[in-house]
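Asks: Dropping the structure in here first, questions after.
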Amino acid sequence: EMRRGRSRGPHRIANAYFLFLLVLQVIPAISSLSWFTTVVPLVLVLTVTAAKDATDDIVRHVSLWHCWIWPLFTRLHLLHRLRSEKWMDVQVGDIIKLENNQFVTADLLLLSSSEPLNLVYIETAELDGETNLKVRQALPVTGDLGDDIEKLADFNGEVRCEPPNNRLDRFTGTLTYAGQKYPLDNEKILLRGCTLRNTEWCFGLVLFGGPETKLMQNCGKSTFKRTSIDRLMNVLVLCIFGFLAIMCTILAIGNFFWEMNEGSQFTVFLPRQEGKDAKFSAFLTFWSYVIILNTVVPISLYVSVEIIRLGNSFYIDWDRKMYFARNDTPAEARTTTLNEELGQIKYVFSDKTGTLTQNIMTFNKCSINGKSYGDVYDYTGQRIEITESTDTVDFSFNPLADPRFMFHDHALVEAVKLENPEVHAFFRLLALCHTVMAEEKTEGELLYQAQSPDEGALVTAARNFGFVFRSRTPESVSIMEMGQQRSYELLAILDFNNVRKRMSVIVRSPEGKLSLYCKGADTIIYERLHQSCSKLMDVTTEHLNEFAGEGLRTLALAYKDLDEDYFSQWKQRHHEASTTLADREDKLDQLYEEIEKDLLLLGATAIEDKLQDGVPHTIEQLSKADVKIWVLTGDKQETAENIGYSCNLLREEMNEVFIISGNSPEDVRQELRNARTSMKPDATEDSMFIPERILSNRVKVITDEVVNGEYGLVINGHSLAYALEHSMELEFLRTACMCKAVICCRVTPLQKAQVVELVKKYKQAVTLAIGDGANDVSMIKAAHIGVGISGQEGMQAVLSSDYSFAQFRFLQRLLLVHGRWSYLRMCKFLRYFFYKNFTFTFVHFWYAFFCGFSAQTVYDEWFITLYNLMYTALPVLGMSLFDQDVNDLWSFQHPQLYMPGQLNLYFSKKAFFKCALHSCYSSLVIFFIPYLAMNDTVRDDGKDVADYQSFALLTQTCLMFAVSIQLGFEMAYWTAVNTFFILGSLAMYFAVTFTMYSNGMFLMLPSAFPFIGETARNSLNQPNIWLTILLTSILCVLPVVTYRFLMIQLCPTINDRVLFTFVSVSAPPPLPRRARIRRTSSRRSGYAFSHAQGYGDLVTSGRFLRRPAVSRSSGFAHTGRTTTGFSPMGRSAGYSPTGRPQNVKVNDVEVTSLQMYRTMDHTL
């Protein structure tokens, strides 16, 4: 939905209550007030609310229309022709044509494609967060249909399959076609949320559409979201209703006794009507006081809350510091009812791919034959920091180089040009040992399609340094080596898997030399090196530690020359093992182990999985604000763990990072208990709960347990499935909440939502979920606050979110600035609003004891009508829209200011009770000081001034001054608008008072304007009246000033300390710039984390092959520099797995950008 979270329940109750009051007021025997005192506010409130809701609905429908109805797809029509249709028209049984880079609109059975053997390549980042390509293949019987429209239109098959479910990794069904049955599995299905890549076109049969697709089955249900303040207000309003009933009952009982004792004396000249005795009078009095005292729940409360939330939402929309210029994407508050809860977030659940990272791999550094390349040094030999202005290497010597590849160390290019044999062997390995596919539609225009983004970055780097991979067949790999076209015979691919963590190729050079090239995790490669490499291993290890210390993903490269006879014998055994039926995998692994030994080390590569700008700084700031961040990703454990270190979520300084990877419930339970015991050896099982009663529903709330040190937790998807079972969920939650950071890997979209729901259920905390893909929709809907990153992965996450922006770094501004200000403003508003209305109402209560409980009002009817609508509305709205304790820079400088919101310190039941006591005191002062001051008092000319109308005027004037001064004490940030509102409201009060209390109004409509014209002038020109107003105001304010002074001196809060610093200096100190610390790390990343097993077989089988490439020249001389699908950013090559252009840096990036934290050490 476009704008979600609108909570109509309390509004409906309140509106029904106000309508009931209106009915009471039209009963003459009950009402002592005119009908307009309720009708005018009610009509105004309903009008404003209706206008706001109508605007929200219009915006939502327009957004949905553009995002879901306008996008087109091509459908095969019954008239045997293709026709463009809208998404909303997808129906089961339709045959749809998809083209390259198109989004799959429904769950489809793949019928045919443009590729050989009817293969298609898809990206599933929207489903599981993985950016590597996956392969799907149609049945041969349907693949023969090709793109023949007539054959496709005449296709007459029957599909029987499983009912709609949320299992993304499984599909079972059968296709009956031409009298034959064919099995269907997940390899033949294109799920909604996938994107077609590297495939010109394909045709598919719609199996499930709309909410029945697997993606939507994982999305969860949309629910109205309400803030904790909303829920508290509902409880308080119910309590206020009860308190109102108690007050009215007390006054009705008072009326009964007064009528029995005092009232009987009036029956001589005011006889009672028949049947209307003291009991009936008390009954009528009860309802009369319900009308008079109803302002304890004023009509304007809810509309004021809506206006405040709407205004603070506009601040988010208008914030230029949350505007992303590259994509022309502003921040957007997609709901207007959750702003203050942004200031109370305790848990943030974040996706990884596209949210923390950019999906871009960059070749940053390398180590070749013991020498490190990639750093830049000045003339004194000191290493300098690489920035956007640092000179880049000139690759003009290589016409086939990618012009967007950026590298800064000139020494590596010089080594290539000097034909250093180790450097050449290094890049030759990168150009040969991979499973990348190359496409060259026109000469020189190379397009690489890599199965993992790591490989794309490495092959692109080799290309720029003169070793250009150009094409491959199942038996050969063609590369351009320094201008010379060379074709290597591809004899075997020893494929990657999660156990081997390496891949190798065996090739024969044009000269007939047999070589094995291997790349993989350094720990794996080192175990298989020849003993002669020991010294080189030590030097390279230092470089690897340095690379890992900077958060880079490292690979080790090695090779060996093979003997022809040995290889022939090994090849024969390999063929036998690959065709055996028993223990095929084990036999192949043994053969791989045999040949991958005694390798010679070439060096190592360091790839940066580029984070979004400012991610480490944002996580650090939120951590200081005591916000706990959990990463929930569908990606592999190694990838997520590496990113965790890169973005400061996990740190080397942590006491321990626990890995939960059990394959059975017992293993998972034991691992969780071991982790908890390590963190807190003396923990008991019974100390984890505190009972919390919420609206009579007893729930268990897990307390925050304090541990010594910092810990991290990483848990796999299959282990998480056991941990989320009912019998183990509390064990998991308790252990996870003791950790500083939690990373959940290989999780399904539904598991993401289950984790969020688990924390919501057992933790008394506010949650926020942030993601960019369709696989994040479920957790975005489940969390209290959902944030969508409007990035490159579609708009479904944004459409389901409450707030959206383009970069993760904007989250700290959303929470620490907008969220904290919104929470602070709303709490101040509620405290002051209840104070001014309770004070206004309680005066009636005290007056009842002096008017015979007759339900006579203290104030004039017009003052009662205009008090909340005109006299006090704008000042409190001004405070609620403009107030701020400190500015945004100080909010960033002191993230601890965010903590009071997490603890509900600004508005709670306790704060409400204090507010009620304060109002009770103020009402006593406002009633009794004027009452005693006017009792037996005469004017300076000897005339009596102690009449009812003069007392009413004095009391309401004292009230106006008291609440206005109190508002001034509440405000921490005075603006011209606030000042104008407060002084203007007082001026408005006097202007309206002198107008209403004029002879002309009294003579024209004495029933509507009963106060005679001289009341205001005769009262307010007396010095004793103004002295009474002054005394009343001082007595109302004095306890507040005293209490605040004592609290600041004796028990200062974090806000008090920061405010003292804030007013003591004219500007905040500059942000600290940390020196870059060179450090080593025992932890190094593994090989090609997003790589998947099976691509080696695909390459050698020939199934991947495309149409023949155009003829190409063999030399560099006449081939122009061209672009590819890679779009580097930063200081080195960038590989984007989608092949989409990545924009370059914008000049005006704020201090949280990459430029800031590149110069700092984030202890990656």
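In case you wondered, yes, glycine gets a Cβ from its N, Cα and C as well.
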Asks: Among 58-78, 730-750, find the range that TrEMBL records as transmembrane segment.
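Replies: When 58-78, 730-750 are checked in TrEMBL, transmembrane segment belongs to 58-78.
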Asks: Do any residues of this chain, six or more beyond the ends of the transmembrane segment (953-973), have a C-beta under 8 angstroms from a C-beta of it, and if so which?
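Replies: Same-chain contacts beyond the flanks: 828, 831-832, 835-836, 839-840, 843, 858-860, 863, 871-872, 875-876, 879, 882-885, 922, 925-927, 929-930, 933-934, 982, 985-986, 989, 993, 997, 1011, 1015-1016, 1019-1020, 1025, 1028-1029, 1032-1033, 1036-1037, 1040-1041, 1044, 1059.
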Asks: Based on Cβ pairs under 8 Å, which of the stretches 278-303, 862-882, 911-933, 1025-1046 lies most in contact with the transmembrane segment (235-258)?
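Replies: Of the candidates 278-303, 862-882, 911-933, 1025-1046, 278-303 scores highest.
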Asks: Select the range from 278-303, 829-850, 862-882, 1025-1046 that forms the most Cβ-Cβ pairs under 8 Å with the transmembrane segment (911-933).
Replies: 829-850
Asks: Please give the sequence-distant neighbours of the transmembrane segment (862-882): residues at least 6 beyond its ends with Cβ less than 8 Å from one of its Cβ atoms.
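Replies: Same-chain contacts beyond the ends: 33, 36-37, 40-41, 44, 295, 298-300, 304, 307-308, 311-312, 825-826, 828-829, 832-833, 836-837, 840, 952, 956, 960, 963-964, 967, 970-971, 973, 975, 977-978, 981-982, 984-985, 988-989, 992-993, 996, 1009.
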Asks: Hey, how far is Arg553 (ATP binding site) from Asp776 (Mg(2+) binding site), Cα to Cα, in Å?
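Replies: Cα-Cα, rounded: 26 Å.
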Asks: Could you give the residue numbers and ranges of same-chain residues that sit at least 6 residues beyond the transmembrane segment (1025-1046) on either side and whose C-beta is under 8 angstroms from one of its C-beta atoms?
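Replies: Result: 918, 921-922, 925-926, 929-930, 933-934, 945, 954, 957-958, 961-962, 965-966, 969, 1019.
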Asks: Determine, using Cα-Cα distances only, which of these recorded positions is closest to Asp772 (Mg(2+) binding site): Asp351, Phe496, Arg746.
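Replies: Result for Asp772 (Mg(2+) binding site): the nearest of the recorded positions is Asp351.
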Asks: Considering only the binding-site residues Phe496, Gly634, Arg746, Asn775, which residue has the minimal Cα-Cα separation from Thr353 (Mg(2+) binding site)?
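Replies: Of the binding-site residues Phe496, Gly634, Arg746, Asn775, Gly634 has its Cα closest to that of Thr353 (Mg(2+) binding site).
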Asks: Are there any residues at least 6 positions away along the chain from Arg746 (ATP binding site) with a Cβ closer than 8 Å to its Cβ? List them or say none.
Replies: Thr633, Gly634, Asp635, Lys636, Gln637, Asn716, Gly717, His718
Asks: Report the same-chain neighbours of Asp776 (Mg(2+) binding site): residues 6+ apart in sequence with Cβ closer than 8 Å to its Cβ, ordered by sequence.
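Replies: Long-range Cβ contacts: Asp351, Thr355, Pro749, Lys752, Ala769, Ile770, Gly788, Ala797.
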